[in-house]
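Data block below; observations after.
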Ligand code: 13P
């Protein structure tokens, strides 16, 4: 049995005041023990989020890490070992906004994935197709190649301590959610690809869906056999909505 996970990616949102308010709201939520809950605040707020979530029910992750695990001369970057020191246990790798807007390449994110694991962080590898790619019937090729390049570089064993998030780019922040069946089809293909490399690893790895998940559509998505939770953007900035999504994963 895979333990569902619901993770909130706050992206580049938050001020000291709004983060304090969100932390207060999160501490009021009743969260199911059966669900692993995590938040990914902007780096600037990691310290105060770790401190504010002292009860330990919500894990904290970073949205990015450097290509090297250890501290060094790399202006503006954050080593995964520093993230561990700050209290993080997870890190996002390869979010589409980083691939597309920042221009992060495959080789870079493979190095980040490796560096994260070297420091003891669990990487959450984000993969997904654009609208153009979906309309061209390329979804499974794109997602398969994004996953395949990490498997080829780091081996299937790397996925014993990793999470995968399928986030169709066209569904991110658009209000357009993949239907549960559309998401399930891609998740099943991802799991089949992992199974071809190692069936045991494939059965254990959590596959999260991300892209306009809301309290209203979460239960239906999470009810699909290969969807093990969600990576939530916009709705994770509202504690009540995020709490409701976490509870949907527990049912
Ligand atoms: P939205 O939930 O805002 O669509 O964002 C999804 C996402 O990109 C999470 O990483």
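For all residues, glycine too, the Cβ spot is worked out from N, Cα and C.
Given the structure is predicted, the values throughout are model-derived calculations rather than measurements.
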Given that TrEMBL annotates 9, 10, 11, 212, 233, 234 as binding substrate, state which candidate in 52, 173, 250 belongs to that site as well. 173
Where residue 9 (substrate binding site) and residue 167 (active site, proton acceptor) are concerned, what is their Cα separation in Å, rounded? 12
Which one of the binding-site residues (9, 212) has its C-beta surrounded by the most other C-beta atoms within 10 angstroms? 9
Could you tell me which of these recorded positions, 11, 95, has the greatest number of Cβ atoms within 10 Å of its own Cβ? 95
Going through the binding-site residues 9, 10, 11, 212, 233 in sequence order, which have a CB under 6 Å from an atom of ligand 1? 9, 212, 233
Taking the recorded substrate site as 9, 10, 11, 173, 212, 233, 234, identify the other residues of that chain whose CB atom sits within 8 Å of the mean position of the site's CB atoms, giving them in sequence order. 13, 172, 232, 235, 236, 237
Residue 173 (substrate binding site): tally of other CB atoms within 10 A of its CB: 12
